Amino acid sequence: MRYAHLHKHVTTLARTPLIHVHTSPFHALTVLSFLRNNQSRQPHAISFDDWIIVEGIVEVDETVTDFSGELLHIESISALRSRILDGNVTQLDANGEGIIQNEVFFMKHCCETGYIPSVGDFVRVQAIESHQGRLLWRALTVVLLKVAHQGTQPHTSDQDQSTESKRDELVQDKNGIVLSVNKVKFGDLQIGQTKEIVIDVKNFGNTMQLLLRGCFHSKRADSQLTLITPHCDDKFKIYPGQVIKYKFACQARFIGHSSETFVFTFKGFKIGCQFDIEVRDKSLENVHTTQPLNSNKKDLIALQRNVQNSKSYQLIPGCRTIKPPNFVQFRLGLFPVPQRLWNLILSSDGVSKKLIDLEEDINDKLPHLIADLDTYNYTNRFHDLLYLEEIQGNINMRKYDMARVNFRFAGPRGEYLSLEVPGLAERRPSVLVGDSIHAEPLCDDNTKPSTSKINSHFLGVYEGFVHKVLQKEIWVKFHSTFHSKYDMSDYRLTFQFSRTCLRRCHAAVNWAIQRLGQEMLLPNKVAPKTQQLIFEETDKDSTASKSFGQVNNVSKLKRHTLEENRQLVWFNKRLNFYQKEAVKNILKGEARPLPYVIFGPPGTGKTITLVETIMQILHLIPHSRILVATPSNSASNLIAERLVDTGLFLPGQLVRLVSYHLMAEGLLPEKLIPYSTCADITSCDEKTSLEEEPLKLSSNAKTLGRHRVTIGTCTTLGLLHMMGFPHGHFTHVLVDEAGQATEPEILIPLTLVNSKTGQVVLAGDPLQLGPVVLSFIAEKYGLGESYLSRLIHRFPYKRDTIGFPNTNGFDPRLVTKLVMNYRSVPEILNLSDSMFYDSELESQVSQTTGSEAELLASLADILPSRSEDQGPPAIVFQGIRGRNLQEGNCPSWFNPQEVVQTIYYIKKLYAAGLSPDDIGIITPYQRQVQELRSVMSSLSELEALPKIGSVEEFQGQERRVIILSTVRSMVDYVKIDVRHALGFIASPKRLNVALTRAKALLIILGNPHVLGTDPYWRYVLSYCVAHGGYTGCDMPSQFECVDMDSDDSDQNNGLAENNC
């Protein structure tokens, strides 16, 4: 009688790639397959040669005594041991592989995004036990804690301090040889000015000294100094009492401070002479100051205390710009901020708490913000993050409140009240048509009246709505009684934080779990589906292209269904391989309902890919109805224009859903006007000029819902919920620039698709700037991470080069990474590519032929010189040791020296034939933006200005030439920038955006001694030096090539001898 086979659950130890469960072998392919489909359940990412614990089921019979039967099923695989340790990078090779603390092996892809490791960096590493030759640990994640060569002052690491000590010793007189001046200060020179100086080298000793040569030691080929006489290679025997004269000329070329060293090499020793140069420009006289918008810190604190004060007064509503619909299918909830969160953020006296206290309180009172995201805490987590964002928005708006103002009547019939708002042109505050303000009456002593006094005078807090936004003023409408009785009295004015977008986000968060479920929100595996569309790629022209899959007559129905609908004909014949693969993978939909991701680094044509995807879905899936969402109106306009430009869309097929203020302010592109509409709205006025425009003001749900393609911003599309659009009305939701939207924003369009039958596509770059979040706390605890970024950094979307070696490490069922770049010349592209994109991007723009090469050649005179075979550099780092200045209590910074240098380059670029549209100026500080605009506007030779703005304003844009003004020039403030992620310091995503806007030329203005303390900027600086693109002030010692130790006086030691 045979014993029945039994299945036993066992746990055993093993090591990949070959798994042995006692005596039964199990091939590594099975384990890797299990890991690929179940990695989210594993605490660590397991790979070859890792020591693991395998838990599974084996088959046993009467002959088995130790459960060593055939392995039938794997329950789980986990690391045998894991640890977290801090240590230094002790070894590193050219491929980015290295060793930490002489015991942990790591590879470059384990490092945090943008971090380029260097020997000596102090890092924190998460590691698991693994067989790595002589090493027992393999790194999973490496995070930088402190960069090598970093300190609180320039050159303050051990290596730099040693270098400074050697430099100080170098400039000391030795062996009886004395220089007339060891440290030369040229004083303030004007740009272009030349000044000469003579240095005496005298022998005060008793023996002859042999002077072998003198030269400047630096990697840089350019210098402001020149040795006139004698020649650098001239040798002299200097006898006791003899003097040799060296004559130098300094031509002021580089704005700001710089220091250069000339080394006299004697037989057996060296003496250095240090030259300090300060260069100014008359243009600095035009760098003026303006008054800060807010007066002092005490006033701001007082305003913060009044952040909730409007609740104690009667609010008299004003006249809205549009009338609410008479009937709304679904009304948004109010979602007021809970008092518990106000109490959490504000102290008892109404002032914002310190950051360290806030973090302690949040960890204690809001534990769901620090717990792992799951279906149980998902809703509460995002509600609270949105509440924290609203609180910060209200606090920020208090900075713009106006203590005493009066209005003037405006408009054709005097129906508006006009108010001049300081800072309006710079969008500080940002005021849109439809926003509200509150006007509170004042007593004679400039205080607010009591409630009883308000009521006794039939007054109150009046609510007004903005109807027009001009360059420096706004036109407002209050309640009719306010206008009729207004006597030019003064009022206290408070700007109100608009809640509409946040309320739509709250509503979407409420629906998310029910409508989308865990599979879409928190995917942890890929459950393969049958291909939703069977097609055959063909080169023949489509006969049904213009009808998007419609069948013209019954006789063609059968042939159309079986053949023509399966013919994939490309609308855009110029798509590259990766773009086509993305479209085909989306059409297959093998991992639905999981969102498909088009990972599009800068300039790789992600929007073009999305346009082709839309057209193929319409053509091949005739019952489809597509919703296209973006985080911004500019992105919505771009994709709508691209679709309209195909010539295949009539206004009845495509609709651009817009908000009222876009129409009122005339912000729509002309070609989109026939396609644009609002959602069932009418004007507040009896008759408006908008009625004469070809734009359709109102579309009800029945009309709007019939379009095959609907395009709008995520928050504007929230109107579709209010209009009663059913869940599943749209078959496909495509989100462009998905990395720039918060997760609650993305949920607004996503909750309109059926999670079981629909399909979602996300296009964007998770390595570029994420959503703009006002609250630092909300950003830190998850609101600053987009849905796209959250997915792409977690299984099953996370990069796996072992499992998917032929698709850039991504599962093609879920992600396609576009790698062919059509924007930048190779020298510009390779910098960001090596820092952020694993060196996988391929430039399609030539740096030797074509328009970009011609542009660089025309600018050769103003760029650092290189050998002829290299041509002019495409990236220039102009070192400027300038000054950081602030005004009053304004928190923003400006740098006058970088302003002047920027204007110098602008003049040269204009002279070379470039137009303002060819140039962009990026700077991280608003004050620098204002200063650049002010000074440039005052110059008569600059009739038109290029665009000047922050990194956020340039995301998604490109220019032939980009000038990047980094501003920061004081090391003391770097720690503040790191703590608050200000400017470019410790902000790799912001840096990535800035480096990828230029097509032909990128000019960076900055202080290398400050920027070199940041690991990302250290790599940028090294890259520019290595490619001959550095010019300007002296560099930090680790980038200079100064030989201060060697006494081998007959060898040059590979050092450049410049300007001798």
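Every residue, even glycine, has its Cβ placed from backbone N, Cα and C.
Copied over from TrEMBL, here are the features:
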- 332-398: domain 'Helicase MOV-10 helical' (DOMAIN)
- 400-487: domain 'Helicase MOV-10-like beta-barrel' (DOMAIN)
- 575-645: domain 'DNA2/NAM7 helicase helicase' (DOMAIN)
- 700-775: domain 'DNA2/NAM7 helicase helicase' (DOMAIN)
- 814-1008: domain 'DNA2/NAM7 helicase-like C-terminal' (DOMAIN)
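DSSP states for the domain 'Helicase MOV-10 helical' (332-398), grouped as helix (H, G, I), strand (E, B) and coil, give 42 helix, 2 strand, 23 coil. No contact links the domain 'DNA2/NAM7 helicase-like C-terminal' (814-1008) to the domain 'Helicase MOV-10 helical' (332-398), because fewer than 3 Cβ pairs that are 6 or more residues apart lie under 8 A. Remark: secondary structure over the domain 'DNA2/NAM7 helicase helicase' (575-645) totals 40 helix, 9 strand, 22 coil, with classes taken from DSSP. A mean pLDDT of 92 is what the model gives for the domain 'DNA2/NAM7 helicase helicase' (575-645).
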